[in-house]
Amino acid sequence: MTDLSQHTPMMQQYFKLKHQHPDQLMFYRMGDFYELFYEDAKKAAKLLDITLTARGQSGGKAIPMAGIPFHSAEGYLAKLVKLGESVAICEQIGDPATSKGPVERQVVRIITPGTVSDEALLDERRDNLLAAILGDERLFGLAVLDITSGRFSVQEIKGWETLLAELERLNPAELLIPDDWPQGLPSEKRRGVRRRAPWDFDRDSAHKSLCQQFGTQDLKGFGCQNLTLAIGAAGCLLAYAKETQRTALPHLRSLRHDRLDDTVILDGASRRNLELDINLSGGRENTLQSVVDRCQTAMASRLMSRWLNRPLRDRAVLEARQESIACLLERYRFENLQPQLKEIGDLERILARIGLRNARPRDLARLRDALAALPDLQNAMTELEAPHLQALATTIGTYPELAELLAKAIIDNPPAVIRDGGVIKTGYDAELDELQALSENAGQFLMDLEAREKARTGLPNLKVGYNRIHGYFIELPRVQAEQAPADYIRRQTLKGAERFITPELKAFEDKALSAQSRALAREKALYEELLERLIGHLAPLQDSASALAELDVLANLAERALNLDLNRPRFVEHTCLHIEQGRHPVVEQVLETPFVANDLALDADTRMLVITGPNMGGKSTYMRQTALIVLLAHIGSFVPAARCELSLVDRIFTRIGSSDDLAGGRSTFMVEMSETANILHNATDKSLVLMDEVGRGTSTFDGLSLAWAAAEDLARTRAFTLFATHYFELTVLPESQPAVANVHLNATEHNERIVFLHHVLPGPASQSYGLAVAQLAGVPAPVIQRAREHLKRLETTSLPHEMPSQQSGKPASPMQSDLFASLPHPVIDELSRINPDDISPRQALDLLYAWKMRV
């Protein structure tokens, strides 16, 4: 620590506080500014684009400093939090008038990316999560806390790949890991990683603190008593939250045990490729959520995002949601509910801020309005007969006493903060009313005093006024100042005037200013009492908020089903995926022409479709729409199809698109193969797999070989697979793999221009139309002509693989050249190595039968 003896008393105070918070920027309150000093000032000046100055000296050197106005701090804090910085807020808690030496200060709150709760610093439509992990390469405990809602969950996960996929799903703003973990682990590549002391993860201490937080003897009731690694991580989260918030956390009431087995697992690549809530450019436009989310409240939008990113495998829950949506669609009942739900607002985060004791007056006004809307909403729900909706209605209370309390206590349109008062209604508290009357009557007193003094002194330019620095005063022009009566005491000299005070005015000033400060203190005390009373009702209010958010999502899905022509899917026990007239929900919305719907049929007999056809023909759209239909079914939503029948899936994999990983030192092909390896290792017979153009990132023979082998492996796994390819050789797979079938996206050429028809038809494509697509893209005509010459030569020098004709009696169109045609057949290769004199007649017959099966 710096030698403090060489520094001024104020800087000594600063260094003592800064020493306790070395990793955070310190906002040090000085009057109407937050000041930053030394390295904090340099860093903040760079990040916030504010002026770096050097004022005064301490320890014999100029002090680098930067400041931001107290009243506009929120905007600067929001920017720092988005940049991943943490800030310690150091306030003046002493009275400057009575302080000897520097005003007493202390850190009242630490704002970090994962524990921020201020409305202005949060994205209202995204969860803001704090996570912690503990474990080794084989087993990890993961704890996740949303301090803005009170959701607190734990789970144990096997293996790095699964852990990283879960972290990608959650996308925590901050991630806590033990300080004794080795450097360079995969988790450290994430943003917002903070290393914490190993003892912060101690399991025994964690168990004790969690039981104390929830008021229980053990954690058995939460189903996580034996999750020792996850409990250690949860204990670290709880301690970190308390350390940063500097208050109790009454809104953290329980711990949920999440299980991966209950969900449809999507890895990071699949989540990105399907563009669930973030598009490939990092924005939110043209994502699945942008189409299916018309929720009335922000808390419902966040719930919708959680549903989309964590589809369920619990058929009972999914069918209960479907039944609820169907009920809300009857007689358009959702239309009555949605305007009332809009009045509820973001109840979830308002209640969290009340629990954290940093709720603002407008939070209480919004809570008042939400509680006032609940009785009408309850009445509207009485006609909903779906069991799940009835359960939600039972959970949603009305709280008439709290509604009345807030209606009496808070003015209609309160100010943003309690700091200057003006929040509590007249008539709520007699003592406050009396003090405010005394303060507010000052204006009339001053007018009367001014009239009397003008009459007494005969000075018509005399004025009586007030300012915050010098208090009350009588002002005379400089030329009349000499005529002031003897009882006028000089208070302030201005350029053209003199200000005075009289004993009468001084007595009034003492009384009025005392009343003003006492009124403000009383109002703040009443506000704190209100928060405490509300905290006593947090548990049922939070349960109501959760039920209201789910009701909002279900009403939204009913509205979307009506306006997007979505239909109810049917889950079945036997393995199948049948879709009639399926559509891509996002592409359909952006097309100016009608979307071409297509069917899909996978079942016990057909597990894989090899999809061929031209680029831009719709292969990727067809594959993605299948995955999105399956995913929507697994959140309980209706789906964009005329009819859908499916069994539950355990995972959705996608290997679509190509991009390199420059930061990780991986080429496009390496990324492609890594994703392919993950699929081949983890796909099961209950998985849905989308494979698009596997092998295109390397040489033709290597790529074709890899694609062929991968397709064979998936066929043996019996995963539901859509395998799009330009390797026409793969269309012979059905001959050796009975569960594989061919389909193609059709197109035609007209006047040497390609026309995409987008229909999915049985059988392989007749040609790829690659040159036509190149021409459409604007490749120069001489290049296209030269390519035609090369293509003609290649087609005549390579033997095409014999394929069945397209229609009975008509020869097939010329196929793409079989690049394997020039390779020796494996049977021929084996035959060339056999010496007939070395084998018996029986061995020769066995070989003959084996070769017969393979040819």
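Just so it is clear, glycine is given a Cβ too, placed from its N, Cα and C backbone atoms.
Not measured: the values here are computed from a predicted model.
Among the features that Swiss-Prot reports, ATP binding site is placed at G613, P614, N615, M616, G617, G618, K619, S620. Look at K619 (ATP binding site): DSSP puts it in a helix.
Taken from Swiss-Prot, the feature region 'Disordered' covers 796-816.
A simple way to gauge crowding: the CB of P614 (ATP binding site) has 22 other CB atoms within 10 angstroms, across all the protein chains here.
Shown in sequence order, L745, A747, F756 are the same-chain residues outside G613, P614, N615, M616, G617, G618, K619, S620 whose Cβ sits within 8 Å of the Cβ centre of the ATP site. Each of the binding-site residues N615, S620 was ranked by the number of other C-beta atoms within 10 Å, and first place falls to S620. Ranked by how many other Cβ atoms sit within 10 Å of their Cβ, the binding-site residues G613, M616, G617, G618, K619 place M616 at the bottom.
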